[in-house]
Amino acid sequence: MASHSLMSPSPLTSHSLLRSSFSGVSVKLSPQFSTLSRSKFQPLSVVAAAKKAVAVLKGNSTVEGVVTLTQENESPTTVNVRITGLTPGLHGFHLHEYGDTTNGCISTGPHFNPNQLTHGAPEDEIRHAGDLGNIIADANGVAEATIVDNQIPLTGPNSVIGRALVVHELEDDLGKGGHELSLSTGNAGGRLACGVVGLTPV
C-alpha cells in the first residue's frame with residue numbers, strides 16, 4: 001500500500017511539527033493540537049450525595065408522629081423526632097429489626113442489633129445499634145428531639161432503610177434497671193406507635 005501523508009492546512013516549520021507513523025500513515029500535527037495543557041484539567045472529586053429518610057409513626061392509640069433521618073457522606077445520622085399523643089414523661093425510642101407492620105408494631109421484631117450485643121444507652125459501647133434512648137413528652141404529650149447517632153446509617157450493609165422506628169409506653173432503663181428485660185428491651189413496655197423508614201428526596 002502506498003504511504004499517505006496528512007498535512008496541516010497552514011504552513012508550519014519543521015520544528016513545530018510532531019510526527020507519528022503507524023501502518024504506513026504519516027501524521028503531522030501542530031503541538032497546539034497534539035499537546036493538552038495539564039493546568040486546564042483537574043482531577044475529579046467524587047462527593048457522595050446526602051441521604052434523607054422519613055418514618056410516619058402510627059399505632060392503635062392516639063399516638064402518632066413523623067421522624068426524619070439525614071446523613072451526609074460517612075457522617076453520623078441526624079434524627080429529628082416529633083411525636084404527639086404521649087403521656088407526659090420519658091418514653092423508650094428504638095429502631096427495630098424489621099419494617100413489617102402486618103401485625104401492628106409487634107411484628108417489627110426486636111431492636112436492630114447487627115453486632116449481637118446487649119441493650120444499653122446510646123452512649124454506651126455495648127448497646128444495640130437501634131438503642132436510641134428516651135424521648136421526653138411535655139405536659140401536652142408532645143415529644144420533640146434531635147438525636148445524632150453513628151450506628152444507624154442510611155447506606156451500606158447496616159442501612160436502616162426498610163426497618164422500623166418504635167416509641168414505647170414506658171421509660172427505657174438503658175439496660176441498668178435490673179429487670180429481666182433490661183438487657184433486651186430496657187423494660188420499656190408496650191409499643192405505642194411505629195413507622196417504617198423509607199428514603200425521601202433530599
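Each residue's number is its place along the chain shown, starting with 1.
Just so you know, glycine gets a Cβ as well, placed from its N, Cα and C.
Taken from Swiss-Prot, the feature transit peptide covers 1-48, and the record attributes it to sequence analysis.
Residues or ranges marked as Cu cation binding site in Swiss-Prot: H94, H96, H111, H168. In three-state terms derived from DSSP, H168 (Cu cation binding site) belongs to an extended strand segment. H168 (Cu cation binding site) counts 24 other C-beta atoms within 10 Å of its own C-beta, drawing on all protein chains shown.
What Swiss-Prot lists as disulfide bond is C105-C194, and the listing cites similarity to another entry. In this structure, C105 (disulfide bond) is part of a beta strand by DSSP.
The Zn(2+) binding site annotation in Swiss-Prot covers H111, H119, H128, D131. A strand conformation is recorded for H111 (Cu cation binding site) in the three-state DSSP classification. The 10 Å shell around the Cβ of H111 (Cu cation binding site) contains 24 further Cβ atoms across the protein chains shown.
Neighbours of H119 (Zn(2+) binding site) among the recorded positions H96, C105, H168, C194, defined as a Cα within 10 Å of its Cα, are absent: none qualifies. H128 (Zn(2+) binding site) falls within neither a helix nor a strand when secondary structure is assigned with DSSP, and so counts as coil.
Under a cutoff of 8 A between CB atoms, and with a sequence separation of 6+ in the same chain, the neighbours of D131 (Zn(2+) binding site) are H94, H111, H119, G120, A121, P122, D124, D172, L174, G186.
Under a cutoff of 8 A between CB atoms, and with a sequence separation of 6+ in the same chain, the neighbours of H128 (Zn(2+) binding site) are H94, H111, F112, N113, L117, T118, H119, G120. According to DSSP, H96 (Cu cation binding site) sits within a strand segment.
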